Amino acid sequence: MSDNNRSRHITEGVARAPNRAMYYALGYTEADFQNPMIGVANGHSTITPCNSGLQRLADAAIEAIRVSRANPQVFGTPTISDGMSMGTEGMKYSLVLREVIADCIETAAQGQWMDGVVVIGGCDKNMPGGMMALARMNVPGIYVYGGTIKPGHYKGKDLTIVSVFEAVGEYTMGRMDETDFKAIEQCAIPGSGSCGGMYTANTMSSAFEAMGMSLPHSSTMANEDQEKVASAAESARVLVEAVRRQLRPRDIITRASIENAVAVIMATGGSTNAVLHFLAIAHAAEVPWNIDDFERIRKRVPVICDLKPSGKYVATDLHRAGGIPQVMKILLNAGLLHGDCITITGKTVAETLANVPDAPPPGQDVIMPIERAFYPQGHLAILKGNLSPEGCVAKITGLKNPVITGPARVFDSEDDAMSAIMDRRIRDGDVVVIRYEGPKGGPGMREMLAPTSALVGQGLGETVGLITDGRFSGGTWGMVVGHVAPEAFVGGPIALIREGDSVTIDAHQLLLQLNISDEEMAARRKAWAQPKPRYVRGVLAKFGKLACTASRGAVTDAFEE
């Protein structure tokens, strides 16, 4: 099979003379048409620090493609900043962006018959959006993560974006003066790169490396370091070789490799968003995978990394301690990874990890051996019960109060809940319910970092529960339960909760329960009426119409299921 197996459809033959004429205008020569066309999906943007450092990575990839005797074809992908849109109407566009990016890359690469694609992304939804596109198309591809941000510093402490969100709660409670508040705001994010803890972007990049779709060590590099540029160039070279070998994403993205990815997510204490996104990636790759698979893996994989938001360290600390290869080697030796999975380099996981030490380096406590794991089981639990028969997601490790039964404080939007929190109307023992924020109801399934961080800042993070049909940021921690499905907008049980109802969150029993009789639940369901959609035009209306339930990834192309 030729290197230009796809692009020859628009570059070969008499009938394609007009097509070639367009390429000549771009500086191509006749000899170039014999070489593969490699797309570079460049997420560079000055909207957010997560993506502001991507251009030099794209430039390195472009040059490496040329040196590898292939033709780079550069196109842009959009982004928004989750950190900037958080707590506002703009956050409704965040999950929408995942689908838009997947559609953009698929449209450009398929429309132009590209032979391979290098995806370069930074902020949270760049990650699954790009991977979904590669999995859908099954065109040789590689993911180049833009890299993590370095931590900020103030008064001897490492800072991340979550430090600022939590400072809001502390400041409003009078626990922090204005000088410290402003200093944290100004020092938390010192440069370019994605948010520094094991939040969503770093979680997904680590998982992509574990799955074999990104190069070893690349997921924990800092954006500003030169090794990140070198890694982008090497990624492009590896991709061109994958095109020549016809090594495709679906050769790599399998049920076994997704199990590897989820095992690493559990071991590193990753984001709840990974559940939603890997349901979507598996759907795109046509890999059988469901929400219960996460619980199956959680029960056998311990947490061996001490990373923010619930731990002490950030991604650059993990990198210095050996990065994802070190985590994977520990899991592989414990029989918790599939060593025979192929990776984008053509090597298996076991071959890739052959020279990685069996034990983490001494003198650090970022990565622990299995026998000294921070928690014996993973942290991302799937809860079920009469409030979420399809399942929901909670971080359950490190909770001082793993069971809470309390009165429901019911809010039909994040904005109403945030107002109540800032007005100090939430008390110890309450269970905050934020509903009509699901994929269809929001629409867009906003992340609830602002209210959860405000609760933490007010000292209520361990004593107040929060459940929502929306999502949580990778920076969220505490007694919080998200992705409740079915969502309120389609008549899910969360829509039937009334102010003051007794609600139980039980991390031990993996239970989310509304403590009323079946008869009362049935009566409320009969009386419930679906509200009108909040949007009837534009991209949010389209997403609300097309998105499926969160328990299946909230994808917009699940028409046949």
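Even glycines carry a Cβ here, placed using N, Cα and C.
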Asp82, Asp124, Lys125 bind Mg(2+) per Swiss-Prot; candidate in Glu447, Glu462, Glu487 listed for that same site: Glu447
One of Cys104, Cys123, Cys305 listed by Swiss-Prot as binding [2Fe-2S] cluster at the site of Cys50, Cys195: Cys123
C-alpha spacing of Cys123 ([2Fe-2S] cluster binding site) relative to Asp82 (Mg(2+) binding site), in angstrom: 7
Number of Cβ atoms other than its own within 10 Å, given for Cys195 ([2Fe-2S] cluster binding site): 32
Packing count at Asp124 (Mg(2+) binding site) (other Cβ atoms within 10 Å of its Cβ): 32
Cα separation, Asp124 (Mg(2+) binding site) to Cys195 ([2Fe-2S] cluster binding site) (Å, whole number): 9
Lys125 (Mg(2+) binding site): tally of other CB atoms within 10 A of its CB: 27
Rounded Cα-Cα span from Cys50 ([2Fe-2S] cluster binding site) to Lys125 (Mg(2+) binding site), Å: 11
Additional residues around Mg(2+), ordered along the sequence, whose Cβ is within 8 Å of the centroid of Asp82, Asp124, Lys125, Glu447: Met91, Ser94, Leu95, Leu97, Cys123, Thr200, Asn273, Ser473
